[in-house]
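Taken verbatim from TrEMBL:
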type	residues	note
TRANSMEM	B:12-30	transmembrane segment
TRANSMEM	B:36-65	transmembrane segment
TRANSMEM	B:77-104	transmembrane segment
TRANSMEM	B:110-130	transmembrane segment
TRANSMEM	B:161-179	transmembrane segment
TRANSMEM	B:209-235	transmembrane segment
TRANSMEM	B:247-272	transmembrane segment
TRANSMEM	B:278-298	transmembrane segment
Amino acid sequence: MEFGPHLMLASLEGAVIASILVLTAMGLSIVFGVMRVVNVAHGEFFMLGAVLAWYVSTALGGHPAIGFAVALIVAPLAVGLVAAVSDQLILKRINYDPDRTIVGTIGMLFIIQQTTLMTFGPEARPVEAPFNQRLALPWFEFSEGGLQMIWPWGLSITSYKLFVIFAALTVLVALWLFLTRTKIGLIMRATQQDSETAKAFGVPVGTVYSCVFGLGAALAALGAVLVVPIQQAHYLMGADPLLMAFTVVIIGGLGSLPGTVIAAFLIGMSDGIISVFFSPTLAQIIATFLVAMILVFRPQGLMGKAET
Amino acid sequence: MTVARKINALHFGILLFLLICFFTLPAYHVGALSRIMVLAIYAIGLNILFGYTGLLSLGHAMFFAAGMYGLGLSIKFLGVSVVLAFGIGILSAAVLSALVGLLALRTAGVSFMIVTLMFAQTVYLVVLYFGEFTRGDEGFVLQQAERMLAGFDVTTEAGRYFVAFGAFSICLIGFSALVQSSFGKRLVAIRENEERARMLGYDVWRYKLLAVIISGTVSGAAGALYALLFGYVGATFASVQYSILPLLWVLLGGAGTTIGPLIGVAFMFYLIDASSAYTSAYMLIAGLALVVLTMFAPRGIAGILRTKVSPWLP
Amino acid sequence: MTIKTSNHAVSRRKALLGLGAGASALATTGLMPGTMGFAQAQSSSPIKIGFQKHATGIGAAYGRWYDATTTAAVQRINDSGGINGRPVEIVTEDDGTDPSRGAEALEKFEKQHSCDVAFGTLFSHVVIGSAPRAAELKLPYFVVSEGHHVASGMLNRYTLQPGITDVKSQVVSMAPFIAGNLGKKVTMIFPDFAFGHDHRDFFTQAIEAQGGEVVAKIAIPPTETSFTRYFPSIPRETEVIYHVMVGPAVLTFVKEMGEFFGPSRPEIFGFIDSLEAVGIDSPGLEFLEGTYFWEGMPRHVQGNQSDVEKTYRAAVGCDDRGASIDDPADVSTYAHMFGCWETLNVIKAGMEAADYQGPQDRTKLIEAVEAMTDMPESLDHPQGAKLFNGKTHQVFGQQFISKVVDGKLAVEHVTTIEEGLYEDEVDYTTQPF
């Protein structure tokens, strides 16, 4: 493929990766920002969302759009509930101590994975996309006859992938409105900025934490429902999103939601675009190393405030 | 008894116990203990940095792998003696940890976690990228004939056990001396309050760098030892999983204690070993055990001992 | 070591305790001098085969079907009188699809369960990580991994692969068909780790020998979950795509490849490894219609189905489409799992040839297997006739090339054993035990 169309294809793919990443990372960012704990089980909430999407769409049958639409609502709600309950049962009782939370959430990771393996099984299971047309894309080239439109071999995207990008943007806007325009959002942000003061003003911090933990997990599950028609549900699929989301949150700057969005976009896009120039594994080596170097030279993250 | 005497008696007792184990336990547990001791050295490596200096690394698998590949590749391609290869393995880990320390110590807290995680991921991918030499994920075998440590056969049960035991003894005693030294006390001071340590005139950055190097080198020694004793070198040991495991061991056993790493590794090993005899869902049991343990033993198993029995535990 | 012998004595006594032969019989045998009593007691005790299973981890889908096949094969052996008149018992340990856990499983087989032999598993890194322990424990280790690690000489005299053809042989035997029927300019897409590199190296040589060439080699990092951005590197002149991805992301891979090419695709040839345990009629795989696959054994029932294939298929509980009889959505790893069945039959044949009585006869067992050559097609070898090479510890068999026609894998071509042979790279029989 020519360089131009190749770059365009890679950018489109990068945008799809970034869209999924931004939802997963937003969930983690909210949890991390408000509760200051590393939730190692976050990737498992993502996996649960994908697995539930498979169950819902298989149980309903009929046109794939029906199952998908129902899964879009049911999976995040169910996963959010599971997370909120586990927060009440476990995290609350260990006072959100950073070290103990790591051990506790690793324990949760084991439990969720093994339970999924025993019920859902070890196979990768696909969920049919509600719609999935291949859209060939044009490219413009200057030649003797002026600007020409051509249809390069292989340059295409599917309607579903475009939908994923659009859906991620919609969710982001909705989340933004929720956090800035609603009372619950305000309480969450207040708790994030200073939980002690919030408590003094009568904010039920414990309940807020459970809601936040549930919301974070629900966002991860939502990302998973969106991704599962492209990838497949598999009981080990949570590891990669966890690491990526974790990285995005830190690169963005702890507690900065705009930073998370920018970082997700940057990492997703660079993942796509660097692959144009290097062989795949080398591209990943370079991308990973660059991410580390961003932090080395800007330890507080892109949008974080320098700690003094 | 003075505290120092008590500590020495405790460590000596543990080593004596391990020695007795060899002569009394069934063969299976002797083999298991060899593995546990090697992995406990790895956990000690992480504990120096995490438990005593307060720097949480999520990338220690890269040091383990550096030791492992340093030894494995130099035996396989350079044909050097095992002793020299062991030195090369430790040196590789030392150099890598110095480089990582120089870069990563510009950060702190969660950023330090991510930077170490990303560096480790880079190392993992580099191992795959040079598959021609490393055989990537599949890894390669060190043949029995290649595993003679200065004329001593480490492929027998006894040979393996005593090499693991010897190395573990050196590490435990060295580690105990380290944390009781003024150097170790300064590391703890940095962990507790970095600002204050700086005010007191310590070159905090230099201490942290030394801690990273010591920690990485000890982890690398464990990696080299693992390859030597078990005859296999593979990319699995450079993966994220092997960075999380030592953290889990240390937290379970008790971060910032000298005996915590050994307890954590042994506990985790036998938890999975025992539960897998009864059910295929042993991960479920292990998960539940972790949750329960973190709820009721906040500072790990050695932490309980420290609060309930012997507050002097180092 | 004196310690070691005493430990062995302990474990042997435990094995006797487990006989269920009754307390008084045990007392008698225990009192009887010499080896007579031991041999008698053991003649009715089961032969224990340790089975390393990918019960958790990335290989779990394979593990489940390897387990089902193993159970079926053992049941058949026991129904027909066991081995040397003794029943066979399978001792299963999870290897977590992890090399270090794999080695621990072997230790358990030897020291806790007193197994006679160990029998194994698919993923190469688990096999390679375990094999050194097998040699140290002097425990015969029969693997069903299709890796080239056995025949390459990397492992040892205690490790054998008598039930499934290795990847080098598979790949080499594919080249004539591809060059002759699909095209000579090949682009390879493979995972960037050892398994993929084996494909890359062996196929490149083999296709050049057929007058073809590999025009591009695209190595995908194993952690990858999306693939579209790699496809533009496929040169336009490509006549055939050769793909061999593994892991849960392969469906994405195939789907995105279809979306990339749209209506104008080159010929496509893949290894079914990509789609083991996945229905060929899964949503998103419509694009595979008309493409070709290597199969170790045809997943879908063919028109000329042999009687042994029919019996084998029923025994392992698979329907005409290679899915579980109980659940048509539960697709098996049909192209590989026959290896477990055949390996167990080789163990049986070897033990009978060596008049195997107990662990003291392990080396005799290995020598007996090394002496094997032709294995004719039979219910012991339902995949087809095989040729075993005792020097390299590797078996060679026919391979299948199937085309997807109306959502069904229809066999187009069967390679001969000879097409898959290559020069020996090792002679394990010269190594001491």
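Cβ from N, Cα, C; glycine included.
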| field | Which of B:12-30, B:110-130, B:161-179, B:209-235, B:278-298 contacts the transmembrane segment (B:247-272) most, counting Cβ pairs under 8 Å | value | B:278-298
| Same-chain residues near the transmembrane segment (B:110-130), Cβ under 8 Å, at least 6 residues beyond its ends | 55-62, 65-66, 69, 96, 100, 103-104, 136-137, 235, 238-240, 243
| Do we see three or more Cβ pairs under 8 Å linking the transmembrane segment (B:209-235) and the transmembrane segment (B:12-30), pairs being at least 6 apart in sequence? | no
| Which of B:12-30, B:77-104, B:161-179, B:278-298 contacts the transmembrane segment (B:36-65) most, counting Cβ pairs under 8 Å | B:161-179
| note | Most Cβ pairs under 8 Å to the transmembrane segment (B:12-30), of B:77-104, B:161-179, B:278-298, goes to B:161-179
| query | Other than its close neighbours in sequence, what residues sit by the transmembrane segment (B:278-298), given a CB gap under 8 Å and a spacing of at least six beyond its ends? | reply | 248, 251-252, 268, 271-272, 304
